[in-house]
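**Q** One structure follows; several queries about it will come next.
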Amino acid sequence: MFSALKKLVGSDQAPGRDKNIPAGLQSMNQALQRRFAKGVQYNMKIVIRGDRNTGKTALWHRLQGRPFVEEYIPTQEIQVTSIHWSYKTTDDIVKVEVWDVVDKGKCKKRGDGLKMENDPQEAESEMALDAEFLDVYKNCNGVVMMFDITKQWTFNYILRELPKVPTHVPVCVLGNYRDMGEHRVILPDDVRDFIDNLDRPPGSSYFRYAESSMKNSFGLKYLHKFFNIPFLQLQRETLLRQLETNQLDMDATLEELSVQQETEDQNYGIFLEMMEARSRGHASPLAANGQSPSPGSQSPVVPAGAVSTGSSSPGTPQPAPQLPLNAAPPSSVPPVPPSEALPPPACPSAPAPRRSIISRLFGTSPATEAAPPPPEPVPAAEGPATVQSVEDFVPDDRLDRSFLEDTTPARDEKKVGAKAAQQDSDSDGEALGGNPMVAGFQDDVDLEDQPRGSPPLPAGPVPSQDITLSSEEEAEVAAPTKGPAPAPQQCSEPETKWSSIPASKPRRGTAPTRTAAPPWPGGVSVRTGPEKRSSTRPPAEMEPGKGEQASSSESDPEGPIAAQMLSFVMDDPDFESEGSDTQRRADDFPVRDDPSDVTDEDEGPAEPPPPPKLPLPAFRLKNDSDLFGLGLEEAGPKESSEEGKEGKTPSKEKKKKKKKGKEEEEKAAKKKSKHKKSKDKEEGKEERRRRQQRPPRSRERTAADELEAFLGGGAPGGRHPGGGDYEEL
């Protein structure tokens, strides 16, 4: 506001100021103001001198570009103005000041009233700005001497004043009134002779003579070019001053160098001492810094319960589970019974895949996962630890057990059914790298099983032996947990029924342990997945307990919805045509079921907990791509044949396992006989269809091998037939 007002006021007052400018003064042209605002490199002063009525003021106006005025108005005081001029095409901005000098000014006193009498003393008392008042040659770069060629006394003024001009100032003698040449009195030769004969010391500046006519602007170009001489002389003087300054600076620098040579800075011994002192000073802070980062790095690893271990575990898969074993159980114990504390320690070994799933699970069901987040990261750690590449990844027995343990209570079954689709989608996207959820569950189950049943697991690398050991271990783990969590047992029982007959007991035991942790939303889907797949794999073995398993899973209203859906999907070859919801759940469960079974079978032969032998990518790829039943039959027979080879040696063990599985299924069926009847019929039909679809030898091999692989987690072929059979159906 104020700036705008000032501008308005200034614009209003501008004309008044112009009016108040005294004689001999004027405001600078706007164009010149803009030009000089950028900066002025040179200030050049040109003085116009001459007798009265010789055309000084006319020349002064002409240099400004103003028109010629016929009327003669004597100038009372010195006038100064700036003109546009530049040296040829250079970018140097030169401010040229032209002075219209008055030798004797006549200043008239302006009174308020009428002048009544003449007072000579009063007139003399007043002074005007003229040549007598100041030295016009001070800082002058050029002089223009003017005379009237028709008047001799004007030339006498030149003869009198020219010698007074400083010798270093160039002078241009200009004979004006050339348009009145017929009346001329002074010839050009007379002027040149005078200039040439003028006594000037050597090195004096230049004198030039020219004629002009202000009426028709004749001679202005010559005068304009004459200004180059004062400019070049000014430039040379400026450069000389710069050279002098340069020389002075050079001398000063030489003096400084001579002094510097004698100072301590040039003493090499002192310099070395200073360098040593500096190095010591830097070394101490560096050491402190080096120590500080190590504690900093350690601190993040120690405080991080599950997530931190997940990040650190991939580098060191085995040591990571030990840390979570100590830290995870206390964290999980308050929200969940002690049975649940055991699975979390196993989980920490699978960090990377578990981490991504944890974030997804948190987004899907934060309420239910409030307690499970710590256990989830822990199981995820083991999977990645063993998996160095997609092809090398092989789920261990941990997957099946983890699925069973992760079974949530009946109340969470509905949520699990909805979440199963999301988890399946995640597992599908991650099929190549390995299903993080499946790997996490496998790790959890294996870790728990290893400490409790570690002696029986190493009993034999054979898949059948591993299966029996894993089932016994799971049964042991389940025993303490069954008491605290009866509801989860119901969920686990249908799951175990779906699974192979021998695996029913271990899943029951592990299921309660996981059920103790209701927060696992995807636990039910994962468990049910492996169980369903196992049931589909061993149709021959499932026959004895088929009726019991089906009845319990289908008739059990309290059982997890996801588990029921899985049972239908696994049993029905036409399940895809059924409800869209059932299809989604079935797809989710088979995908996870396959990884869980595969991990159990794979880990069994190599080492029960960590070393998976068979590559997971093939298994998951089949599940993801073969959800519609494409090419699963081929994978199934190949794997079944492989299992048959492996199962030939432990055929006795397989039979024993089958008997044990049948007994376990019968026990579970007795507990839930009402629910089992309904599912027995459906499962019997589905198993018949599977038998028809499967080749006879593959049925026998797959039935026995899959049971052994599922229980021991080592049979490589079991995982393929499990997922393949379901997909074929």
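Just so it is clear, glycine is given a Cβ too, placed from its N, Cα and C backbone atoms.
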**Q** Can you check which of SER492, SER551, SER555, SER673 Swiss-Prot annotates as phosphoserine?
**A** SER492
**Q** For which of SER11, SER258, SER525 does Swiss-Prot record the feature phosphoserine?
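**A** Comparing SER11, SER258, SER525 with the record, Swiss-Prot tags SER525 as phosphoserine.
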**Q** Just to confirm what the record says: which one of SER535, SER580, SER640, SER698 has phosphoserine annotated in Swiss-Prot?
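**A** My reading of Swiss-Prot gives SER640.
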**Q** With respect to Swiss-Prot, which of the residues SER534, SER577, SER678 bears the note phosphoserine?
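**A** Record says SER577.
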**Q** Swiss-Prot tags one of THR54, THR536, THR582, THR599 as phosphothreonine; which one?
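**A** Swiss-Prot records phosphothreonine at THR599.
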**Q** Using other CB atoms within 10 angstroms as the count, which residue among the binding-site residues ARG52, LYS56, LYS104, ARG178 scores least?
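**A** Among the binding-site residues ARG52, LYS56, LYS104, ARG178, the lowest count of other Cβ atoms within 10 Å belongs to LYS104.
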**Q** On the three-state reduction of DSSP, what should I expect for ASP100 (GTP binding site)?
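**A** The residue in question, ASP100 (GTP binding site), is strand (DSSP, three-state).
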**Q** Across all the protein chains here, work out how many other Cβ atoms are within 10 Å of the Cβ of GLY50 (GTP binding site).
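**A** Other Cβ atoms within 10 Å of GLY50 (GTP binding site): 24.
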**Q** Would you report the average pLDDT that the model assigns to the region 'Interaction with CDKN2A' (655-693)?
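**A** Mean pLDDT across the region 'Interaction with CDKN2A' (655-693) comes out at 71.
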